[in-house]
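Enquirer: Sharing the record's features from TrEMBL:
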{"type": "TRANSMEM", "residues": "B:20-40", "note": "transmembrane segment"}
{"type": "TRANSMEM", "residues": "B:60-85", "note": "transmembrane segment"}
{"type": "TRANSMEM", "residues": "B:97-117", "note": "transmembrane segment"}
{"type": "TRANSMEM", "residues": "B:137-157", "note": "transmembrane segment"}
{"type": "TRANSMEM", "residues": "B:189-209", "note": "transmembrane segment"}
{"type": "TRANSMEM", "residues": "B:263-282", "note": "transmembrane segment"}
Amino acid sequence: MFRIVNATGGYGKTVIIRDVSIAVDKAEIVALLGRNGVGKSTLMRFAMALIPALSGHVEIDGRNAPEAPAKRAKAGVGYVPQGRYVFPRMTVTENIGVAAETNGHSGRLAVETALREFPMLRPKADDLAGGLSGGQQQVLALARALATKPKILLLDEPTEGVQPSIIDEMAGILKRINRERGVAILVAEQDLDFCLSIATRAYVMEKGSVQLETDRESLRTDKKLQQQLLGV
Amino acid sequence: MELDYLATVLLSSLSSASILLIATIGLAVVFGLMGVINLAHGEFLMIGAYAALTATQYGIPFVIAIPIAIAVTMTIGAVVEVLIIRRLYGRLFDTMLATWGLSIAFYQLAVLIFGTVTPGIGMPQFNLRIGNYSLAGYPLLMIAVAAVATVFVYVLMTRTVYGMKARAAIQMPEMARAIGIESARVNTLTFAIGCGLAGFAGAVLLPIVPATPSMGFAFVIKAFLTVVVAGPVTLTGSALTAVGLGGGASVTASFLTSVAGDAFFFLITAFLLWLYPLGITAKWRTKM
Amino acid sequence: MNLSEKLYQRAGLIFPILATGGALAAASFIDPYLAYVATSWVIFGLLGLSLDLVWGRGGLLSLGQTAFYGLGGYFGSIVAINMAPLTGNTLLWSLPAGAAFGATSAAALGAIIFLARMGPLQATILSYTFTLLLWSLTQSFTATVGQAVVGGDNGLSNIPGVVVGFGQGAEALGPVEVFVTVVIVSAATYFLCWWLMRGTFGRVIDCIRIDAQKAELLGYDIRKYQIANFSLAGAIAGLAGAMFAGWANYLNPSIFSVQEALLVPIYVLVGGLGTLAGAFVGAFAIGGLSFYLGGGAVGGQTTLILGIVLILLVLFLKNGLVGAMGELWRRTLPDPNAAARDAGAVSIDPEVLEGILVEAAQQAGPAKRLATVDLYKRFGGVIPVNKISRTFEPGRPYSLIGPNGAGKSSYLKACVGIYMPEAGSVTVGQTDATNAPIFERVHQGVGVKNQKPQIFGELTVVENLSIAAYARTGDKPAAAGISRQILAMLGFERQAKVQASALSHGQQQWLDIGMVLCLAPRVVLLDEPAAGMTNEETRELSALVRTLARHTTVIVVEHDMEFVRTLEGHVTVLHQGQVFAEGDIAALRADDRVLDIYLGRREHV
C-alpha cells in the first residue's frame, strides 16, 4: 500500500540515508527501530517530501506520490514529526480544525471526534498549543494528523519525553484507530516496549540503511538483538 | 486647565493614535504573520490614496472609491509577493532592502504620473462641540474606523479557515505543508491583504492626509516602530503601542511642540526596546 | 603561486592604490565642476566604508551611520568655526573633532546594543531610532556656540571651507584641490581599515560575525570587540561628516533624514558587502549614475532606477560589483581548497600529543577539577538539569551517557555558561564560576567542543587554529607557534590554506578539537565528539581522549557506547535530568535498569 523505494537523501551535500526501501501494507503497523542518528527521522522526512530526494521515490497504492509535501498530505500521508511541532500560537481546537478544513473535512466534526478520542485534550480545547505539556502536545500532534484522515500515518518518536501512562494510552488509541479505520502506521521509535505493544513487524536501521527486517517475536525474545539496539 | 480643553486634547490625541493604528494594521499583518519588514508599506498607502483620489475624480462616490483602492493595492501586493518577496522569506534584512528599493521606485513613479502637487478632496464637514472648543468630525470618526478595522482583522485571522491557515503557514511553514496547506498561495494572499489594508488606510485617510508621492515616508517610520515594539502578538500589541506611543506623542505635542511629540515617540521606542528586546508582547500567551 | 594569484591575494591593497593614483592624476585635467561633485562621492564612499565595517564585517546592519556622520559634521564644524581663525588651517580642527565625536556617540550607542546582547533586528531598529530621534530633535534645536549658530531647520552655515595652509593669509582651496585633499584623507583611512581588518582585530571581528558563540568559547570578550569596531566605524563616519561640512559649507537636519540613512546600505550593497573598497565603488557607481542621468535624456528618473537596481541587487547580485568581479577572477585561479580532498585519515602520534600537553601544563598550570553542586536549570515545564552534584577530577575520562532528552548536553551547557543555571553552583578549580560569562570560564581553563563542529568556515584551517591560540596567548608569534604544532599533530599541514568549510564533517570535528587544544584547557568538555567520524577516526579519538585525561580533567557526552567502552573511564548515566546510575561500562551494561531506560522498557523503573 505504502512503499519507500531506494530512498537516498540528506541535508545539503551530506547524505544521511542511503538506498532505503520499506513497505507498509494496508492496515499494518510497522516499526522502524534504531539508535539515535541512524537516519530514522531523515527517512520520515523523506517520506513526507520535506527533504529533496537525491534518488528513490515513494508510492501510495502503487502510484508515485506527488513531490510537494502539501499534495502528499492530501494524497493520504499523515505526519507526526519528532519534537511535536504543533502550531504554538493557535488553540488546540484550531490546530485540529485547520488540518481538517484544509483537507476538505468539517473542522467542527474533526474537533468533536478528536476530543472524544483523546479526552485529555478536552479541558485544554481553548488553550494555546504552545502552553501544553510535552505529552499533551504529542497527543495533539497525533490528533491533528488524524484529522486529515490519512491512509498512512508516519509517527516519528511519538514517545520521546512523554510520561509512561500517556504512552500506554497512546498505544491503545493507535491500535484502535488502526483496527477501526484501517489506517496503516509506520512508527520510528527507540522505545522497544511501545513498538512491541503495537507493531507486528519492524525494520532495524544502522548508519543510514536498513540492517534487517524482523518480527515482533524475535524482538521480544532475542537479548542479543536488544543489546545491539542499545549499541553496546 | 479647563475640563473642556483637556477633553479636546484627549479626543484629538486618541484620533491621532487611531490614524497611526489605521496606517499600521497592514504592516502588523505582514510583519507579524510573515516576518517581512515591508518598507514599501507607506507607498502602498500612497497608492491607495491616489487610487481613491483618481476614482473620485471620475465621479465615483468616496465610499465606493475605498474598495477600489483596496482592490488595486491588493493586486499590486500579490504581484510584488510573487516576483520579489517570495524569494526572500527568512531573510529579514534582504526583504527590508528590497522593499526599500520598491518604495523609492513607487515614489518616483508617483511623481512621474501625478506630479508632486495634487488637489486634495474636501473633508466631509461635520463638527463636534465640546464646551468652548469645536473639533472636526471626520478625524474623530477615525477612532471608530480604527476600532472596526482592528476587529475586522482580528476576526479574519482568528475566526476564519483562511486565518487559521495563514497563521499555521507562518508559525510552522514545514509542518503546515505536511498537513496539506499550500503555504506559498496562503502567503501571497496574506501579503496582498497587508497591502490592501495599507490601501484602505490611504483611501480612508485621504480627506485628512492629502495624496502626495512622499506621504508614505511620513507614515511608515512610526508604523514600523510601532509594530517592532509590539512584538509577536502583533495585532493587540500594535493597537496598544499605537495608542500608547501615538497618543502619548500627540498629547506631548499639544502641550509642548510637535518636535517634542516626535522626540517622545522615538525616545519611548528606544526605551521600550531596551526593556523588551523582543517586543512588549513577547511573553503573552494570546493569539493575535 | 603565479602572478594572478599573487595579485588576487593583495587586491585589497593594489587596486585601491591604483585608484587613488588614478584619481590624483585625473585631478590635473578634470573639469572643476566634476571634481566638485566627485568629492561628494568620495565622502559618501567613506561613509559607506564605515557601514561596511559594522555590517559587512561585524554583521550588524546599522542605520545609525548617518547619525554619527551628521554629529561629526556638526561638532567638527562648530569647533572649526571657532578655532580655525587661530591657525588658518581648518582640517586640523574639524577632522579630529568630528572623528572623536562620531566615535564617542557610536561607543555610547554600541554599549547599549552590545552589552544588552540585543538581537540583530532590535539592534538595527535601535540604531534607526537613534537617527530619527536626531532628525526630529535637530529640526528645532537652536544654540549659539561662540561664533557658530545652530539654527534648527535653518541649519548651520558659515562653515569654513577646506584650508590646509597656516596663518592669516591661508586661503580656502579650489574644488580640484579639495578633491585631492579628500581623496588623500579617504585613502589613508581606507588603508588603515584594510590593515586593521586584515590583522588579528579583523579576524576576531570576522569570527564574531560567523559564530559569536564560538568566538566567546575561545575566550574572547566579544562585546569589547564589537563596541571597539562600532566606535571605529563611528569615528570614520564622523570624519566623513566633517569633510562633508567643509565641502558644502552648510549643514542642516536633512543629513539625519530617512532617505540619507537608507542610501548608505545601497552604496555598500552595490559595491560589495564586506569588501571595504566596495563602498567607494558603490558610491561612485551611484553618484556617477545620478550625474549622468541628471544631465542625460532620462533626466530626473535616477530615483526610479536606483530603486530597481536595489531590488535586482538583492535578488541577483548579493555580492555587489566588487564581489562579482572577485568571483569571476577566482574561477580562473587554481582551487585553493583542492588540497581538502587528498587529506589522509587523521592519525595522532601519542608522543607528540604528550609533548604538547606537557608544554601546555607548564604554561597554563596544573589540571583543575570541575564541580557542580545541586545544579538546576529549567525551560518552562521541562527540567533538563535537576539538581546534579558531581565532581570531576583529572586522571581518567568521565563519560556522560543516557537516552535522548536525559539532559546530558544541557548539563554540559550549564557548566560552560551557555545556559545560566537557576540554582546550584559551578566551581572551576577553586573558583566559583556559577555566574561568570562564558569567556571568563574559558580564561579559568574550561575548553569546550560542542556537538556540531564549530569552526569558522570562511577562514582557512591554520587561521582557525591561530585565532584560538591567540585568544589564550594574546601574542601573534606564540599563537603561530602553537597553531603550527597542532596543525602538524593533526596532519593537516597540506590543508593549512584550505577554507575550513571545505573539510569533511569528520575533519571539521578534528579541527574543532584542535582549536580546543590550542586553548591549553585545564578542564575539557566534549559533546559527542565521535559523531560523524569513521570507525578508524573514532579509535584515534579514543586514544586522544585517554591521553588528554592524564593531563587534564575530561568529560565526554556520548551516544556511541562502543566509544565509551574504549575510553575505559568512569561512566555516569543521566536520566530525566538526574544522575541515574554510575560505575564502569561493564557493570552498567549488565544493569537491567539501564537497559530499561535506553530501550524504554518499564518493568524495572
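Glycine residues also receive a Cβ, built from the backbone N, Cα and C atoms like all the rest.
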Enquirer: With a Cβ cut-off under 8 Å, give me the same-chain residues at least six positions beyond the ends of the transmembrane segment (B:97-117) that come close to it.
Expert: 36-44, 46-47, 50, 80, 84-85, 88, 211-214, 216, 220
Enquirer: Do any residues, 6 or more residues outside the transmembrane segment (B:137-157), come within under 8 Å Cβ-to-Cβ of it, and if so which ones?
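Expert: Contacts of the transmembrane segment (B:137-157) (Cβ under 8 Å, skipping residues fewer than 6 from its ends): 11-12, 14-19, 21-22, 25, 28-29, 33, 123-128, 163, 166-167, 193, 197, 200, 204-205, 207-208, 235, 239, 287-288.
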Enquirer: Same chain only, please: residues at least 6 beyond the ends of the transmembrane segment (B:60-85) with a C-beta under 8 Å from a C-beta of the stretch. Say none if there are none.
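Expert: Distant contacts of the transmembrane segment (B:60-85): 36, 40, 44, 47-49, 51-53, 95, 98-99, 102, 121, 187-189, 191-196, 198-200, 202-204, 206-207.
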Enquirer: Which sequence-distant residues neighbour the transmembrane segment (B:189-209)? Criterion: at least 6 residues beyond either end, Cβ under 8 Å.
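Expert: For the transmembrane segment (B:189-209), the list is 19, 22-23, 25-27, 29-30, 33-34, 36, 38, 41-42, 44-53, 62, 65-66, 69-78, 80-81, 85, 120-124, 138-139, 142, 145, 149, 153, 156, 162, 166, 169-170, 215, 218-219.
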Enquirer: What same-chain residues lie close to the transmembrane segment (B:20-40): Cβ under 8 Å, and 6 or more beyond its ends?
Expert: 80, 85, 88-90, 92, 95-96, 99-100, 102-103, 106, 142, 145-146, 149-150, 153, 157, 166-167, 170, 187, 190-191, 193-198, 200-201, 204-205, 216, 219-220, 222-224, 226-228, 230, 232, 234-235, 237-239, 242-243, 245-246, 288
